[in-house]
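Visitor: Sharing the features that Swiss-Prot gives for it:
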ACT_SITE  Cys117  active site, proton donor
BINDING   Lys22, Asn23  phosphoenolpyruvate binding site
BINDING   Arg93, Arg122, Pro123, Val124, Asp125, Leu126, Lys162, Val163, Ser164, Val165, Asp307, Ile329  UDP-N-acetyl-alpha-D-glucosamine binding site
MOD_RES   Cys117  2-(S-cysteinyl)pyruvic acid O-phosphothioketal
Amino acid sequence: MDKFRVYGQSRLSGSVNISGAKNAALPILFAAILATEPVKLTNVPELKDIETTLNILRQLGVIANRDETGAVLLDASNINHFTAPYELVKTMRASIWALAPLVARFHQAQVSLPGGCSIGARPVDLHISGLEKLGADIVLEEGYVKAQVSDRLVGTRIVIEKVSVGATLSIMMAATLAKGTTVIENAAREPEIVDTADFLNKMGAKITGAGSDHITTEGVERLTGCEHSIVPDRIETGTFLIAAAISGGRVVCQNTKADTLDAVIDKLREAGAQVDVTENSITLDMLGNRPKAVNIRTAPHPGFPTDMQAQFTLLNMVAEGTSIITETIFENRFMHIPELIRMGGKAEIEGNTAVCHGVEQLSGTEVIATDLRASISLVLAGCIATGETIVDRIYHIDRGYEHIEDKLRALGAKIERFSRSDEA
């Protein structure tokens, strides 16, 4: 199992090219199941979760390959299996997105109950209830979600009980091939939903309202091929902005979209950063200063993203002052805090709230990554701490950050990957 060794007290500065968004690429890859013709996707990041998804698609009978330019080519015209097995699904919660397009196009699907990050309860209930309202018969048997429908799904009005990105995407995908009109109320509004809707519309779907809490889909009989470029990763962008903010540095994030990060940019400016934006870049300059503490409350988009909470927790641990962080989206999402405390941070956790007391300096030690975003906060902490930090279980990071050590090195970080066998 790989680890990172990080030598600290680096000021992180320079330019970084932002990858395509994992959280858009994954649903779009699964949505390609709906197409009867080949699909070409560009700006798809090279990540563990992407490779897992491609393997699931191949298991179903999709021809899925990358060409010499890195584009992903998909042909789902000859799908002949309708089961996503446990051995592939177990590592990734997003694999539940195979269910809706299979049921919508082939009227049957079996998807193993998924795995992934250990961030509290992320039930698939909302996916299931949405598909049931469209007419699917669903049972849970032997660890599998089994769905079928005798004919096409039928459009209806669906009010999602709790705002859910995953369920919004599942219902929207299924509705593209349903008879009649489907209206999703209380839909999630994330940019990745907009990107998925744009992709589906290029294939011939009739979706309006994506990006609002009211999405309308007119069902069509079939979807065709298209080309699509994945939207830039707003969470990777925010992570590199934090890297400069906590180290007194200056970073230019290229190939990104500032309008997907308004809540994050507002908080960075509140923390004392100078932030300038163009159509496809964001520049953050801390001018060598220590950040000021900022209160954070996570919320569905356009609120503050839960996937940036761990990075801002780190910022607050080295900032001037005391801050309160409230996590409203997921339970059990403060697992990075005990590790940061081991590095000299000061914080108390009570329920879904953490109170951080900024310290001037963290100290390197050995820490364990527990989930994707917690992991990257520990790596960034190592970049600014004194001495050496070892980050274990970095497979979490490989699930969501493309070429992370190369990008950090380009900004001046002293970081290397090694395995336990190297230590022997």
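Glycine residues also receive a Cβ, built from the backbone N, Cα and C atoms like all the rest.
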Visitor: Reported as an integer number of Å, what is the Cα distance between Asp125 (UDP-N-acetyl-alpha-D-glucosamine binding site) and Asn23 (phosphoenolpyruvate binding site)?
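Guide: With distance taken Cα to Cα, Asn23 (phosphoenolpyruvate binding site) is 20 Å from Asp125 (UDP-N-acetyl-alpha-D-glucosamine binding site).
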Visitor: Might you list, by sequence position, any residue in that chain lying six or more from Ser164 (UDP-N-acetyl-alpha-D-glucosamine binding site) with a Cβ less than 8 Å away from its Cβ?
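Guide: Counting only residues 6 or more apart in sequence, the Cβ neighbours of Ser164 (UDP-N-acetyl-alpha-D-glucosamine binding site) under 8 Å are Leu126, Ala188.
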Visitor: Measuring Cα to Cα, how far is Asn23 (phosphoenolpyruvate binding site) from Lys162 (UDP-N-acetyl-alpha-D-glucosamine binding site) in Å?
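Guide: Cα of Asn23 (phosphoenolpyruvate binding site) to Cα of Lys162 (UDP-N-acetyl-alpha-D-glucosamine binding site) measures 19 Å after rounding.
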Visitor: For the C-alpha pair, I'd like the distance in angstrom between Asp307 (UDP-N-acetyl-alpha-D-glucosamine binding site) and Lys22 (phosphoenolpyruvate binding site), rounded off.
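Guide: So the alpha carbons of Asp307 (UDP-N-acetyl-alpha-D-glucosamine binding site) and Lys22 (phosphoenolpyruvate binding site) sit roughly 12 Å from each other.
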Visitor: Return one of helix, strand or coil for Asp125 (UDP-N-acetyl-alpha-D-glucosamine binding site), based on DSSP.
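Guide: In the DSSP reduction, Asp125 (UDP-N-acetyl-alpha-D-glucosamine binding site) maps to helix.
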Visitor: Let me make sure I understand the structure: which of the binding-site residues listed (Lys22, Arg93, Lys162) has the fewest other Cβ atoms within 10 A of its Cβ?
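Guide: Counting other Cβ atoms within 10 Å of each of the binding-site residues Lys22, Arg93, Lys162 gives the minimum at Lys162.
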Visitor: By the count of other Cβ atoms within 10 Å, pick out the sparsest of the binding-site residues Asp125, Asp307.
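Guide: If we count Cβ atoms within 10 Å for the binding-site residues Asp125, Asp307, the smallest count is at Asp125.
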Visitor: Please report the Cα separation of Lys162 (UDP-N-acetyl-alpha-D-glucosamine binding site) and Lys22 (phosphoenolpyruvate binding site) in Å, rounded to an integer.
Guide: 23
Visitor: Which three-state DSSP class does Ser164 (UDP-N-acetyl-alpha-D-glucosamine binding site) fall into?
Guide: coil
Visitor: Give the distance between the Cα atoms of Lys22 (phosphoenolpyruvate binding site) and Arg93 (UDP-N-acetyl-alpha-D-glucosamine binding site), rounded to the nearest whole Å.
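Guide: Rounded to the nearest whole number, the Cα-Cα distance is 13 Å.
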